[in-house]
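Engineer: Below you'll find the structure I mean.
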Amino acid sequence: ISIGYLLVKHSQTDQEPMCPVGMNKLWSGYSLLYFEGQEKAHNQDLGLAGSCLARFSTMPFLYCNPGDVCYYASRNDKSYWLSTTAPLPMMPVAEEDIRPYISRCSVCEAPAVAIAVHSQDVSIPHCPAGWRSLWIGYSFLMHTAAGDEGGGQSLVSPGSCLEDFRATPFIECNGARGTCHYYANKYSFWLTTIPEQSFQGTPSADTLKAGLIRTHISRCQVCMKNL
């Protein structure tokens, strides 16, 4: 059944993801998280087709002024992309060395709208009655980077349910230099687990190291209504 709804899948690897069974692939591309220009961020919802650009560039946009003059790759604007599990580079990467670090994506034609459901627990939430599962993941909330700019995901969007958790799920690319790197000023924010009591007043401060982090990250499931 093809009705024209769009579903976006991000592989978080350098391989194009497959569309769910019965869905046609409309195009594939690279997983764009957000742009930064004039020190202001413009976010992309990872659940919408605009987050899957068919072609990759460290600087996929230019800017124009009121004097009818436009400039490309001439200042410190940036682009941010979902990344892969490739080993962290010691230095910024350029040219073809960038490719292994950029997540691939596919835009699929779906028969119904897909939603994300979050458990706020380490258990996988159930889809509503009459809905089926498309994938399970971790509840991705928001992100910040250079200049405290960033963005976030609507928690009903499939883009808020990433199949793979990592503390640094995206990479920064500098348009003028044509390089990409994981810088120390990038932060990711995730829904956390909440005790079974549905109302929590004062949380207890905690610091989580590798190996324990996933025990405090909310799980999610992307669901689609059965037709």
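Just so it is clear, glycine is given a Cβ too, placed from its N, Cα and C backbone atoms.
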Engineer: Using the record from Swiss-Prot, pick out the residue from C105, C108, C127 that is joined to C223 by a disulfide.
Structural biologist: C127
Engineer: Tell me which of C70, C105, C108, C161 Swiss-Prot records as disulfide-bonded to C19.
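Structural biologist: Disulfide pairing in Swiss-Prot: C19 with C108.
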Engineer: Under Swiss-Prot's annotation, the disulfide partner of C52 is which of C105, C161, C173?
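Structural biologist: Its disulfide partner, as Swiss-Prot records it, is C105.
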Engineer: Where does the mean pLDDT land for the domain 'Collagen IV NC1' (4-227)?
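Structural biologist: It averages 93.
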Engineer: How long is the line from the C-alpha of C180 (disulfide bond) to the C-alpha of C105 (disulfide bond), rounded to the nearest angstrom?
Structural biologist: 19
Engineer: Let's check the environment of C108 (disulfide bond): how many other CB atoms sit within 10 Å of its CB?
Structural biologist: 24
Engineer: Measuring Cα to Cα, how many Å separate C108 (disulfide bond) from C173 (disulfide bond)?
Structural biologist: 27
Engineer: Inside 10 Å of the Cβ of C127 (disulfide bond), count up the other Cβ atoms and send me the figure.
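Structural biologist: That number is 18.
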